[in-house]
Amino acid sequence: MKDCLMDPAQQSNKTKRHRGMRRSQNQSAATPPKDAYARLLSQHRSSMFASYLAQYAQDSLTQKEENGSSASLQAHSDRLNLPQQKKDHVLIEFPDSSEFSPSSSKKKGEESSLSLYMEKLSSHSDQQECERKPGVSERQRRGQRRDTTTSQDGDIESGEELAGSRGNGPKKQQKQQKKRDDPNKSAGDGRSKKQVFESYMSLEEVSHGLKRGELYQGQLRINPKNYNEAFIPSPDDARDLFLDGVVARNRALNGDIVVIQILPREQWKVKPEVTNRHGPSPNVRAEDQSNDPEEVLRNRPDVSCADTESCAFTYQVVYIVERKHSRAVTGHLKFLPDKPFAMFSPVDHRVPRINVKLDDCPAEFRANPGDFAKTLLICQITDWAADSNFAEGRLAKTLGQAGEIEPETEGIMIEYNVDFSEFPQEVLDCLPKTLPWTIPPEEIEKRRDLRKECIFTIDPATARDLDDALSCKQLPDGNFEVGVHIADVSYFVKEGTSLDNMASQRATSVYLVQMVVPMLPRLLCEELCSLNPLTDRLTFSVIWKLTPEGKILDEWFGRSVMHSCVKLSYDNAQRLIEAPERLFPPDELPPIDAEHTVDEIHQAVLHLHSIAKNLRAQRFLGGALRLDQPKLSFTLDKETMTPQGCYIYEYRDCNKLVEEFMLLANMATATHIYRAFPTLALLRRHPPPKAKLVKELEVLCNQLGLNMDFTSAGTIHKSLCAIYGDDEYSVYRRQVLNNMCSRPMQLALYFCTGTRLQREHFQHYALNVPLYTHFTSPIRRYPDIIVHRLLAASLNLGPRLGLSTEEVQIRASHCNDKKTLSKKVQELSSELYFGVFVKECGPLESNAMVMGVLDKSFDVLVIKYGVQKRIYCKSIAGLDSYRYRKVEKVPQLVLVWTSDDEESPPVEQVISIFSVVDVQLKTDEVPLKYSALLKRPEKIAS
């Protein structure tokens, strides 16, 4: 790509010079109005220009055949064979590309750049000609592309060369002879005769390419439902950039930070509107569906990319900046006869199969490999050579039988890099030595004493790490003094200690169905820091003077000491809210401190509820958005911890009460610490949704007849409230609509305000507030601890934070990664338990609402359990045929059911978004996996 930045004279005279010298010459050149290659890219959507390029390519091909290969292509070839740089943990940041201009300002130079660009384009015309020939298979067209090397591909077991299945002929005989003559190539370990993957660029090349805007950096996401598709966000976060196939990923794994470059035009992918396919399925995020955010599809023989307006860019990885994937995977080991290695097949199909030396396998496996068919193991990837279809690795641990909760859970945590080991002694040495611990009298003197106030906690009944407490009392003037009191974890976790370092590494507590992996030792998170009832505890408080409408009249921040008078569960609080006039006897609530009465606590809860309703109404009137998703909860056997039942968690007024005051405290703290430390504050931002996905969703809603306004978070909220409906399925329609609107949304991120991020990008999109942070959960979130330290320093109640802006940003980025992994582990734990529940109690039957329609399948929300599943038409029993169609651009599937008797004709069932169907959840042969089966409806409109 950089070749087209030089004129022909430069190219012919300096081909053999070092590439760095050429860059320095280019950098010293004057800045042109716009270099030729950038102009070409900006014009690539013009069909007339595309025709001109095609003709130019044909003319250039003839000249090329006469004159031989160009020096620029030789330079390009040299670049691809550079050695890989071993700098996996270097974060690459560069100034704006506008600061660097590589090409000459002369028009002559620009025309030369055009010639070089066309020369590169024509160099691929041989492959284009092959694509145009009838009878040429997809595999022949792809050549060295090997997109079937991952564990999802069932026909590759031993790692032999994939191209070996081609028909015999003179060329193949020549290749076989070369293979016999080359002693360095092995046919048994997945090694290819040629390089499967391109060599990585050097760090220097990557640096210059990113500065020029020729390369892009981002985090790789691989589609879990189609391992051939991967994406990274575009630099402006408006859309996703598409990588097609395993080879394009160049040995990068899901979550890695990579650098990519655009592929030659003939490898771009056809847009779906050309292939007459429907829009993207609304039920899942971009990486969970076959139609990716750029709407790129696999090449079809009836569509050509000669018309650039019908094609989308496709990219490939040229460098791995940071290997964020743990390279530890769960899976199964398979014996391969006459091979010096075994094949490890990961459960996650996005990870390649792994060769494990037979000598490194358990002796029992070598003797009786069949006994390991259902054994779950952990394998650590150690290498993945550029000339191999498969990675190499070593077995790390035998977990146990697949399908059992304990080994499956341990496998999930190892694979997602959750540290569930015991805390080392050097960390425990940081804890108070004298137990039971009491607050030193001199510490109480430094704080505001709130121990006589009516302060209480509201948490799930099983919670043991109680971060937050609330207080509310009415003032003589009719206003209220409301307090949010947060455990003062920073008092115990001193900056720079082993305890602090461990908390920073873990970054978050991880909540699974049956257990919690704590961020801090249990002595802290369940005892000394937890705001347990009837016990003095150290806290950081925010206390406001509020009007009944929720307007803030006064605000106070400070360190305090409190004494919780009761531990209310959400059920307790909800009963108090729902019965405002009732006098509750003491035995209907948990133990209460003798200093306070049930009625005092009841009135405080009612006042908080009233103010919270006003705060909530004002937030949504002000443009906030909330997209609730169903959350599955389980009742467990106390001894075996196996699921006895499951239900969808209900979000009630008691939850909203707590949420509103936590949000208020977080927003107030964000404003305070940013004002005090404008270049050091750790905040949390939520970027706007991806513009391209929003546009796609808007088109889909219009097709469905939904009047949605996607201008802002507030207009989305208003639109959703207006079209939910009030029939028996309105709550489920709401869930489907919420899910559709969640697709374009991005994740919220921690960041340091001293980075180069513009002030307008600090905003939290969903909350529609300019500044936001996390202050209210320091027991389970490390960012909250940093925020507490910043708050203490701003009030002269603690030392200045001992971190630079860059160090705060590094910790913020690490916390982002750990939060994402924690959420994924929580989801997988829930899926695991629901799989066990289906196995033990299934088949389960329920109504379901259709969320998205594809050409051969459709997605449903199972109403009773809140899970989402895809139903494939080919697996529906009793179905005679099916066809895909669009009615006024709305995608539909017409299912033709076989009639019950020979005399009756087949009947049809139309599947479209919001259709209600009957499904059965039934366990699969794969351990803990289950499928949704469509039941034949009792009544079908013919």
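Here the Cβ of each residue, glycine as well, is placed from N, Cα and C on the backbone.
Annotated region 'Disordered' per TrEMBL: 1-35 (among others), in sequence order.
Sequence annotations record features per position, and here TrEMBL assigns region 'Disordered' to 61-195 (among others).
Taken from TrEMBL, the feature compositional bias 'Basic and acidic residues' applies to 121-148 (among others).
Marked as compositional bias 'Basic and acidic residues' by TrEMBL: 179-195 (among others).
If you look up TrEMBL, you'll see 271-301 (among others) marked as region 'Disordered'.
Marked as Mg(2+) binding site by TrEMBL: Asp459, Asp468. In the shown protein chains, 22 other C-beta atoms lie within 10 A of the C-beta of Asp468 (Mg(2+) binding site).
The site 'Important for catalytic activity' feature in TrEMBL is assigned to Asp467.
Across the fold, the C-alpha of Asp459 (Mg(2+) binding site) and the C-alpha of Asp467 (site 'Important for catalytic activity') stand 9 Å from each other. Non-local contacts of Asp467 (site 'Important for catalytic activity') by the CB criterion (under 8 A, 6+ apart in sequence, same chain) comprise Ile486, Ala487, Ser530, Leu531, Thr776, Ser777, Pro778, Ile779, Arg780. With a 10 A radius on its CB, Asp459 (Mg(2+) binding site) counts 20 other CB atoms from all the protein chains.
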